[in-house]
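Participant: Taken from TrEMBL, the feature ATP binding site covers Lys4, Lys5, Lys6, Leu7, Arg8, Arg130, Leu131, Gly132, Phe133, Gly134, Ala135, Gly136, Tyr137, Tyr138. The substrate binding site feature in TrEMBL is assigned to Leu50, Glu55.
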Amino acid sequence: MLDKKKLRIQQKERLVEFVGVPRQTEENNLRRQLFHSSQWQQAQVIAVVLSTAFELDTQPIIQKAWDEHKVVVVPKIMDHQMQFIAINADSMYTRAAFDIKEPTSNHTFNVAAIDLVIVPGLAYTISGQRLGFGAGYYDRFLAQYTGNSVALALSVQMLAVLPVEQHDQKVAHIITV
């Protein structure tokens, strides 16, 4: 089995290379499954990342949440900790480390009020194991979070096994194609 560092490189390459109609079809399928899930339908506050170019496009998720009058919060790294900031159509953004888009606002949102966290990652297993980006922010967050968590996994992100360490946290629900 590859170590995590090599597997991250491999998975980023797989995501970058997975383009066109097949990818768009899978992304639409995953979002449709999410929107029909009880976790989504019961949630009033959704936490989701502002996706980068190679990640599953989260803008349609954000727009659907707003259309349904849900509150959308996105992560922002502040003092080496992941905080969540509520966003709306008028929010302003800046580019942070790794060219990640973050809101300029520093008004943090109460994590206990988040109903559903859509957890990003590079790879997943059907049992909920996740390979993140290596900084550990979501593992630390999920260790404390008691609400629902879900990951949307493209076919190229689903693996039979992942290297797992003691601090790694599972995602409660994996939606895949």
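Just so you know, glycine gets a Cβ as well, placed from its N, Cα and C.
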Participant: Using the alpha carbons only, what distance in Å do you get between Phe133 (ATP binding site) and Leu50 (substrate binding site) once rounded?
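Facilitator: Phe133 (ATP binding site) to Leu50 (substrate binding site), Cα-Cα distance: 15 Å.
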Participant: With Cβ-Cβ distance below 8 Å and at least 6 positions apart along the chain, what are the contacts of Leu131 (ATP binding site)? List them in sequence order.
Facilitator: Lys4, Leu7, Arg8, Gln11, Gly121, Leu122, Ala123, Tyr124, Leu159, Leu162, Pro163
Participant: Using the structure shown, find which entry in Leu50, Ala135 (the binding-site residues) has the sparsest Cβ neighbourhood within 10 Å.
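Facilitator: Sparsest of the binding-site residues Leu50, Ala135 by Cβ contacts within 10 Å: Ala135.
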Participant: Quick one: give me the count of other CB atoms within 10 A of the CB of Tyr137 (ATP binding site).
Facilitator: 16
Participant: The record lists Lys4, Lys5, Lys6, Leu7, Arg8, Arg130, Leu131, Gly132, Phe133, Gly134, Ala135, Gly136, Tyr137, Tyr138 as binding ATP. What's the largest Cα to Cα distance among them, in Å, rounded to a whole number?
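Facilitator: If we measure all Cα pairs in Lys4, Lys5, Lys6, Leu7, Arg8, Arg130, Leu131, Gly132, Phe133, Gly134, Ala135, Gly136, Tyr137, Tyr138, the largest is 20 Å.
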Participant: Quick one, of the binding-site residues Lys4, Lys6, Arg8, which Cβ has the fewest other Cβ within 10 Å?
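Facilitator: Checked Lys4, Lys6, Arg8; of these binding-site residues, fewest Cβ neighbours within 10 Å: Lys6.
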Participant: Between Lys6 (ATP binding site) and Glu55 (substrate binding site), what C-alpha distance do you get in Å?
Facilitator: 18
